[in-house]
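Each remark here refers to the structure printed beneath this line.
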Amino acid sequence: MADPPGCCSTCATSLLCPYSCQWITAKKEKRKGLRTTKYDCSWFLFLFCVFLFTLVWLYFAIIILNDFHNFNEFIFRERKLWLDWSLVLLIATAVLISYSSVLLILALCLQLCDQPLKLHWVHKILLILTALVVAAAFTGLGIKWAEEWKSARISLQATGPFLHIGIVGGMTLLAWPLASFIYHTRNKGLMVFLLLVYCAAMIALYLAPLGITSPCIMEESQLPPKPALVGHRGAPMLAPENTLMSLHKAVECDVQVFETDVMVSADGVPFLMHDEELTRTTNVQAVFPERAALNSTAFNWTDLQQLDAGSWFLERRPFPTVQSLSPGDRKEAAKQRIPSLEQILEAAKQSNISIMFDLRPENHSDYQNFVNVTLEVILQSGIPLQQVLWLPDGFREDVKQQAPGVHHVYGRKRLENEKEPGLHVNLPYQDMSSEEIRQYRQDNISVNLYVVNQPWLFSVLWCSGVSSVTTNACQVLKEMKHPIWLLPSSTYFMIWIVVDCVSFLIIIWAFILMK
């Protein structure tokens, strides 16, 4: 069997050796009379499926980066171990996708060179392990982090048009090895089956844009105003979270609302803290080692003032941006202490920034007293009450009576026939569809979605018409003057037709040329 034009014996050997792990020349393979059997074809099909499986997981891995800081915090609370697990995820995913990609490219090139697809048993074992690892990753995602499936659905609104073009391009390139196989196989049934499957897949892809929807497919004139930015615990990528420095950095990022969490000390002083324990964001283990595991509310204000609330930020580097801090910012971060609500309200009043907060822990036996103490501090601070956004649901009616000027934000969708004027809702971004956001906007309901860190997600929500977003990455979203992409429907229709026509012509050309 002669080598096809342009495929020399040396090239065929260089492809055959890493795929089959047999360091002999392609000519010797021919003399042995080896051919690609049905068993070999089944392993090639398995290789192709593993490649697609890992490719889908790569897509999911990129999408869940928006929420990965929550996963890092979860691991710390459970294991007291801080690590940026997103790096582990990306490195492992890159290894798996690279391995399956290289094997698939070798197999396709061997097919074009008319060489047998004798996959070595080592590769077979590694492919099975790859499939099992990815399957385990998907299973864990579904069990422990099910909301990320909703994130993936939202991501398709940002990537759908481009994924379609990429998949059409990849399937078009498959026409070359497919044509080579069809013209060389003697199995007519297999040939007809592969042709039918390929044609059905291409027709489905050509018509796929009929089902692709995105809020960013609109005219420029229809684009809603840019959503306001709400700093999640301030600007946690630029300063230790829930500190005065974090508030000031958020102000520099043009953040309109400082979002935080309030707790009340054992002696009745409201202070800023997200976690029920102090171990993640302070040096409590060094100062009070015997009390480190206690709830934050078990400490009095004098004890809390002794804690360092900034050095952990420099040591653990919760975000990659910590490495790029200036020497001055590093020095300031190291000096941060736990701020009281009174201090934060004064800073917010001077900076003319609103403050939105939750009061924790909701299940505390003395929660009503927490509400009263917090309200007292707010009323005594002198901050305009319209700058205070109240999130806690507990004793909300009492708050409305004692401080009628406070804006109330609800962590739920509006109730049926709800008529409250100027309603504000605060929800995870996964919980509202683009259609719901548009409807709320038409009904003059303010919608804040959290936590939005990636530009692609911010773009989708911007096009949908959301009022504001809570973010860790205010310094990134501040610089966005426009969604990542915006296409009029007529332009998208033209791109769709051109891509499909070019793909069809290339496929026809591939089959004619290979014949």
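The backbone N, Cα and C atoms fix where each Cβ goes, and this holds for glycine too.
For reference, TrEMBL has these:
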DOMAIN    227-481  domain 'GP-PDE'
TRANSMEM  41-65  transmembrane segment
TRANSMEM  85-113  transmembrane segment
TRANSMEM  125-143  transmembrane segment
TRANSMEM  163-183  transmembrane segment
TRANSMEM  190-212  transmembrane segment
TRANSMEM  493-514  transmembrane segment
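Ranking 41-65, 125-143, 190-212, 493-514 by CB pairs under 8 A with the transmembrane segment (85-113) puts 41-65 at the top. Long-range Cβ contacts of the transmembrane segment (125-143) within its own chain (Cβ-Cβ under 8 Å, at least 6 residues beyond either end) map to 46-47, 49-50, 53-54, 57, 60, 64, 92, 96, 99-100, 103, 149. Of the candidate ranges 41-65, 190-212, 493-514, 493-514 has the most C-beta pairs within less than 8 angstroms of the transmembrane segment (163-183). Distant neighbours of the transmembrane segment (190-212): 41, 156, 160-161, 164, 167-168, 171, 174-175, 178, 181-182, 492, 496, 500, 503-504, 507; these residues of the same chain sit at least 6 beyond its ends, with a Cβ under 8 Å from one of its Cβ atoms. Panel annotation: around the transmembrane segment (493-514), residues 161, 164-165, 168-169, 171-172, 175-176, 179-180, 183, 202, 206, 209, 487 of the same chain, lying at least six beyond its termini, place a Cβ under 8 Å from a Cβ of the stretch. Model confidence over the domain 'GP-PDE' (227-481) is summarised by a mean pLDDT of 96.
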